[in-house]
């Protein structure tokens with residue numbers, strides 16, 4: 001959520017920033033609500049001043065033992081004034097609720113370093129690591145490799161649950177588990193605290209990280225009692241410190257979390273229908289940071305390097321891309337996408353998204369900290385990134401390490417977890 005004081009003081013500046021993101025916001029509605037809010041506040045202040053003055057007069061008259069008729073008349077007037085005041089205060093609450101709702105639909109403001117652009121075609125490549133894999137045979141897609149090896153079963157998963165689901169079997173299931181354990185081990189060795197959170201969360205948690213109210217159509221919801229299945233561990237892990245005031249000495253806090261994730265993929269009709277790239281249920285290892293504001297952009301670079309390290313150790317070619325203003329996520333001030341090379345598709349595909357939200361999520365979730373030698377509190381900055389998406393990493397291994405005979409070489413760092421060198 002944006003700072004309401006900034007929104008009130010800088011509507012034109014905000015409109016310009018959001019135009020860069022491709023958001024068309026009706027600020028006239030907001031300004032109209034603000035004008036009405038200010039009028040109601042003045043009226044409330046005036047009536048409260050009258051009430052205080054008359055209350056003092058009544059007390060004074062009682063002290064002087066004045067006639068009851070005068071006192072009763074003033075009391076009756078105050079009763080009527082109280083009813084009017086209650087009605088105006090109710091109107092003010094309704095206006096403030098509308099203002100709050102308006103703020104909940106406003107995206108974050110892009111950082112000055114974010115490249116300008118309309119969509120993903122104008123994202124900017126920052127760096128590459130490794131050379132795209134080349135073969136002396138026609139490389140297969142991961143779904144063909146998985147079915148030939150008998151380690152992925154899409155057909156039976158479809159029978160059980162429908163499209164966009166998969167069953168991992170045998171060495172496929174073991175590879176998935178090996179990747180989870182490898183990533184958790186790697187990140188905890190770097191100082192991240194492992195967290196295993198609930199995968200069902202309440203509405204307040206979803207609102208705190210920015211999924212609600214704007215993206216409800218992409219969430220799986222349980223109606224009674226009301227819960228949401230998490231689309232990413234970002235949601236429960238960020239909400240660990242919701243409504244808390246941390247000390248400066250506690251920061252930075254680094255968490256790593258493995259969870260299943262669930263997404264409707266409502267806007268993805270016809271995209272990646274085959275394979276593991278876009279599933280309703282998938283596993284992911286997530287990195288989440290709580291940091292001081294002045295450190296957050298250095299922490300974003302560090303977070304991105306931590307995600308990159310996974311791919312380097314697995315020997316998977318990748319590139320890092322800075323998202324342009326038009327492709328930036330709703331809550332993000334700046335994002336790097338890490339894209340891994342997939343020979344079966346002949347292109348790079350996103351495997352991690354590393355973002356700095358500045359204080360956007362912290363305002364929504366009310367996560368603050370207190371400096372050692374300073375009064376008051378400040379909002380922390382939150383960051384997160386995939387470290388990595390397990391299914392897409394498995395896809396990259398199958399496609400980059402495939403052999404002419406249909407087997408797949410196991411990356412060296414995974415062999416202690418797998419107990420084998422080759423999947424046949």
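FYI, residue positions are counted from 1 along the chain as it appears here.
Cβ from N, Cα, C; glycine included.
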Candidates 176, 286, 294, the one Swiss-Prot lists with 232, 233, 234, 386 as binding L-serine: 286
Distance from residue 386 (L-serine binding site) back to residue 353 (ATP binding site), taken between C-alpha atoms, in Å: 6
Number of other Cβ atoms within 10 Å of the Cβ of residue 264 (ATP binding site) across all protein chains: 17
Listed in sequence order, residues with CB under 8 A of residue 263 (ATP binding site) and six or more positions away: 218, 219, 220, 231, 280
Between residue 352 (ATP binding site) and residue 386 (L-serine binding site): CA-CA distance (Å): 5
Cβ within 8 Å of the mean position of the Cβ atoms of 232, 233, 234, 286, 386: remaining residues of the chain near L-serine: 235, 237, 257, 259, 261, 284, 285, 287, 288, 384, 385
